[in-house]
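Participant: The compositional bias 'Basic and acidic residues' annotation in TrEMBL covers 513-523. Under the heading compositional bias 'Acidic residues', TrEMBL lists 528-549. What TrEMBL lists as region 'Disordered' is 513-565. Per TrEMBL, the feature repeat 'TPR' maps to 339-372, 475-508.
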């Protein structure tokens, strides 16, 4: 057995560090004495050495060695053409065990994607003739084309994957995300469905995700629920995660949280979707739960975006925006396609007054998830923050036309209309339509209450809020009801509503302020003393917040901070 064969056996056995050391030494020997190894042996050594570098995540170094290997292979091919085979029996097995040139190019493309050099990855894979492309090459090309906006080429590559592997479900999702009709996609799998027992659910699965990618959340939810109720697919984590995400998109946060909780009970190591779950918990003021979730996810893996986003949500809702910004940036570094990370960073930038930078992040989120309303909400909030009412109105109208007239889009358009006195009546009409569709939609209730407050129709506002709270409990609704009750001199009940709001979210500052204001009015003799105490406490709190933000700016320069938490 030759020394190169020993290297090959170690590579097959996964002894990467050993391969790296030995192949490095052998390549140096070959450089000092070109006659020591044959061209095919040198090609093998270069490939095995590059593979070991790839395993060590030294991607640039690996690319250089793969490039050298391909050059060596080209020279080897020319030599074999010039020198016909001598019929030596030993040459045949040696040529058979040479690493595949196509596999080398695929690994180079993997290196380029890890280095975020997608154009170079596409170029190297494009150089492989279509007939020689394996399913994994077509899958990588499809994803790269999609990311680069080359939709037609992406569709072609996804279809080629399905032609070779008709049960490649991720390729199916890729096609559906590129607006290929569900019926057309299903037709590509019909033969395998009919030939294999217990696969009748697949056509329904394709139908469900076709609804997902067209933004028809209601029909998607109903279809996935019908799948999930079938005994063979009951308690499937992926289906529960999809349901949770769809409820979130539909604005049904209660059911979304419920489905996320079911999914993580079934799979304690679940990471996918946990960024959205953490965001929902943070919005509800359950910051302790968010902190615990973040710690648990970091124990599972710190190489995914989700743990960083969850911790960023905790910081954001604790009003530590600089720290949230750093954590969001770290999540994007790990996964540039993380919509939730882009939204976190955009929101942090907006709240720090860096609106133009925030707009860039919200636009990128919209590009990645054109059916997610929260991406548009973030962008419209930026426009309103910078008094760009016209741009906000154009965007809100586009969303209304694109995603349809549902409670969410009606409320979003009404939110912009409320900013202009000329369109107040239109806002009222839109909110009434939204509440007719979904009387429990909290954002619509809040905006309608805001409108009634402006008109000083407090009794109507109280009736609206009581009706909304009849079947759900929400901190903001209880707090606004408290404000309305104060306006009609119902102080005791107002105090009760503020208390309920604070029990739901102890960090709700407005509820706390409302309660303190009432306490001062009830005890005017103590008002001066309480104001003095409040001033002292307020200055201390502001100092803490400022300190935390300055520290977070330093943390952004030294990643070691988080490992010390």
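Residue numbering: from 1, along the chain as shown.
Cβ atoms here come from the backbone N, Cα and C positions, even for glycine.
So where do these features actually land, and what's packed around them?
Facilitator: Sequence-distant neighbours of the repeat 'TPR' (339-372) (same chain, 6+ residues past either end, Cβ-Cβ under 8 Å): 212-215, 249, 275-276, 279, 305-306, 308-309, 312-313, 316, 321-322, 324-325, 327-329, 331-332, 378-379, 381-383, 385-386, 402-403.
Same-chain residues lying 6 or more positions outside the repeat 'TPR' (475-508) and placing a CB less than 8 Å from one of its CB atoms are 284-285, 287, 317-318, 442, 445-446, 449, 453, 456, 458-459, 461-462, 465-466, 468-469, 514-515, 518, 521-522.
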Participant: For the repeat 'TPR' (339-372), provide the mean pLDDT of the predicted model.
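Facilitator: 95, rounded to a whole number.
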